[in-house]
Amino acid sequence: MDTGGNSLPSGPDGVKRKVSYFYDPEVGNYYYGQGHPMKPHRIRMTHALLAHYGLLQNMQVYKPLPARERDLCRFHADDYVNFLRSITPETQQDQLRQLKRFNVGEDCPVFDGLFSFCQTYAGGSVGGAVKLNHNICDIAINWAGGLHHAKKCEASGFCYVNDIVLAILELLKQHQRVLYVDIDIHHGDGVEEAFYTSDRVMTVSFHKFGDYFPGTGDIRDIGYSKGKYYSLNVPLDDGIDDESYHFLFKPIIGKVMEVFKPGAVVLQCGADSLSGDRLGCFNLSIKGHAECVKFMRSFNVPLLLLGGGGYTIRNVARCWCYETGVALGTEVDDQLPQHEYYEYFGPDYTLHVAPSNMENKNTRQLLEEIRNNLLDNLSKLQHAPSVQFQERPPDTELPEADEDQDDADERWDPDSDMEVDEKRPIPSRVKREAIEPERKDSEALKGTAEQARGFDNMATNETLSTKSVDVRPMAIDEPTVKVEQETSNKASDPIYPKS
């Protein structure tokens, strides 16, 4: 009997988890430009590790359908999305005013395939939310997502489209309350801003604060109006280690889960909070970072795991591979398997790397003050907010898939003659044919989704948009696996001035 997608019992909860994993083999081809620290190739490196550790066989593997323009416009402004769709490296010099208006050009450069890249990573995150909403999995993973800085009308911090906000909006169709937790070293400002006046989404961000991008995330920023006390910010200093981090993370998140009682959780797993990150200044080990995933998993609440920052790409791949194992309840061996990117991980060729001996500037007194302050704020939330029962947005409907077909080809088979990658240099400019997958008419799909109780359309419209939010169904993909072809450009880049 096939058990694909069922993880092993693990930890104190000891409950099996079914995991859906989203990956597009083209994602590693996108290139921000010479010297830019954001390298989508890290997603392909992560996928190669998962394949060679044999973890893909324990998950349902999906290639996401690209998010459509109207899906992106559920949060982003129409003119901003139109700009992202139309701008190219060849035409950008003719649109200088628009580039400035939408904050595109420096940290967020124009590159070949930019809009397709946005559609791909957003499609994976929304697709994961749809799988969770339809109870197809317990945990959904999209390491290409987690781009938490993007705003309604502008790009920011290497992020163009805020896939996290879009995924949360999808989850809100099914769940009264959604919790967002951010362990990237940078403040999750775009997500916090989107839901700052809502009591249906609680945002909790653990980040470096003080003369550091994006400059927001003060502990005194707690939300506004109905959203007061539903934004939590945990400001940290350089050198925080595993012990200090979890002195805050576990009691704060434990209290949040008790008081807020979310129906679903989104965890942004930015890996720039790891020790030795090219742009970061924390001192977390991979196991310390992954302990956050393990802790969130223990609550047995539908969980969406997303990527985010991370600029020492060999450590990003290590981290997200290990955290995929944590999601599955599978302990992976420290010795890395031979694979096409093996040379990146020398001289030790191990999954785990020791943290440094850098100074931890987070004193116990400071940590206690932060913890007490935030626990006090949480005590002011008497109970989980109720949601008025009104007409709810329609479900994003899920095409019915043939089970035999799912089982036959959706997982990577180590015994097959398919190569995960062929050695081939990456072209400096990506040329892609966009083939739009055929979508079934939404009317023909009516009734396939589970109809849940109607919830309030959203308690977020004060911040999301002055216009009504488009909540029409977003198409979701059929399981598939494709052979990806490319390797990496390993040339060392100069240190980038901003994160």
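Cβ atoms are placed via backbone N, Cα and C, with glycine included.
Bear in mind that the values here come from a model prediction, so they are computed numbers and not experimental data.
Taken from TrEMBL, the feature domain 'Histone deacetylase' covers 36-324. According to TrEMBL, the feature active site, proton acceptor maps to His149. Look at TrEMBL and you will find Asp184, His186, Asp272 tagged as divalent metal cation binding site. Per TrEMBL, region 'Disordered' is recorded for 383-499. Per TrEMBL, compositional bias 'Basic and acidic residues' is recorded for 421-444. Annotation comment: TrEMBL describes 458-468 as compositional bias 'Polar residues'.
Least packed by the Cβ count within 10 Å, out of the binding-site residues Asp184, Asp272, is Asp272. Ranked by Cα separation from His149 (active site, proton acceptor), the binding-site residues Asp184, His186, Asp272 are led by His186. A 10 Å cutoff on Cβ-Cβ distances gives His186 (divalent metal cation binding site) a total of 28 other Cβ atoms nearby, all chains included. Looking at the domain 'Histone deacetylase' (36-324) alone, the prediction's average pLDDT is 98. His149 (active site, proton acceptor) is surrounded by 28 other CB atoms, counting those within 10 A of its CB over all protein chains shown.
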